[in-house]
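*Asks:* The feature S-adenosyl-L-methionine binding site is assigned by Swiss-Prot to G35, G36, Y37, D52, F81, D102, Q109. Annotation source Swiss-Prot lists region 'Disordered' at 287-315. If you look up Swiss-Prot, you'll see 304-315 marked as compositional bias 'Basic and acidic residues'.
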Amino acid sequence: MSGAAAHVPVLLDEVVAALDPQPGDVLVDATFGAGGYTRALLDSGATVHAFDRDPDAIAAGSQWPETKEEPPRLVLHPRRFSEMVHALAEAGVAQVDGVAMDIGVSSMQLDQAQRGFAFSADGPLDMRMSQHGPSAADFLNSAEAEEIADVLYQYGEERQSRRVARAIIAARPLETTGDLARVVRKALGYRVGAPKDPATRTFQAVRIHVNGELDELREGLHAAEHLLRSGGRLAVVSFHSLEDRIVKRFLQSASGKAGGTSRYLPQTDVSPAIFSDISKAIRPSEAEIARNPRARSSTLRHATRTDAPPRKEAA
């Protein structure tokens, strides 16, 4: 792979506008993936520290010419983005000018059947971003029905989680993404041509559980709070309500304001604001959705870091 990204990331123009990268800026792309955001940030003249726990993404990024400049303008970190404070400290970087996060599975991972993230093509039931630790098959073939049901309900918002869990138990062992998709479709009923495959929620839930994605997001947001300089910008793209809820609540809690007891009462200042200029939810245009259907469910929220000290949990 060259320096040109193989996949166009969602809300690219909006993310770049939110970060407003300038030559000489030091930025973090917390979710490198195929490198779409990183490419745009590098083109602005910035230096980018890019994180990804997927070794395939890191291997592809290592071929980019910016990694070979002296000093390099692209520094790759094969680790979780929740570790960005410690990783950048090791690289001699105490603060950065901007952080971009694109949460969840990457297009590159979805398009590789052997990674086991999607049911559009049959592949091993894996779903691990890092390719280390227990796989989706390990979890589904060993967990009790109650645990599986809880995961499906909490992370997939699957209302019929217990029915699906019982069907999974009855069909074990499951080895491929096709095995899991067929079990879920049979349990819930699948009409050809339905707008949404009933297996979607189960795949999302299992993937989030296997990779600890929501805890990673929470820790990553606090890491960004600690790392951003005063005036630095945070931009987070999420793809479902669970993620967006976490981002929204984080920014609300960092705004320094508490909501009134009534919608008719104003918010009141309760602590120093950690972030200001907090945006409302930004959605992709119809034109972008037409170009890239995966953008349909995406939401961007962005904010600017103040000079208030980070909260203890951000350290």
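Glycine residues also receive a Cβ, built from the backbone N, Cα and C atoms like all the rest.
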*Asks:* Using Cβ atoms and a strict cutoff of less than 8 Å, what residues sit near the region 'Disordered' (287-315) while being 6 or more residues removed from its termini?
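*Replies:* Tertiary neighbours of the region 'Disordered' (287-315) are 8, 10-11, 14-15, 18-19, 85, 107, 222-223, 225-226, 228-240, 244, 247-248, 251, 254, 256, 272-281.
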*Asks:* Over the span of the region 'Disordered' (287-315), count residues by DSSP class, listing helix, strand and coil in order.
*Replies:* 13 helix, 7 strand, 9 coil
*Asks:* What residue among the binding-site residues G35, G36 has the most other CB atoms lying within 10 A of its CB?
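*Replies:* Going through G35, G36 one by one, the largest Cβ count within 10 Å is at G35.
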*Asks:* Out of Y37, F81, give me whichever of these binding-site residues has the highest number of other Cβ atoms within 10 Å.
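*Replies:* Within the set of binding-site residues, the most crowded position is Y37.
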*Asks:* Measuring CB to CB from D102 (S-adenosyl-L-methionine binding site), give everything in the same chain under 8 Å that is also at least six residues away in sequence.
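*Replies:* Same-chain residues close to D102 (S-adenosyl-L-methionine binding site) (Cβ under 8 Å, separated by 6 or more) are P9, V10, A30, T31, G33, Y37, V237.
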*Asks:* Neighbour count, 10 Å Cβ-Cβ cut-off, for D52 (S-adenosyl-L-methionine binding site): what number do you get?
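*Replies:* Around the Cβ of D52 (S-adenosyl-L-methionine binding site), 27 other Cβ atoms lie within 10 Å.
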*Asks:* In three-state terms from DSSP, label F81 (S-adenosyl-L-methionine binding site) for me.
*Replies:* helix
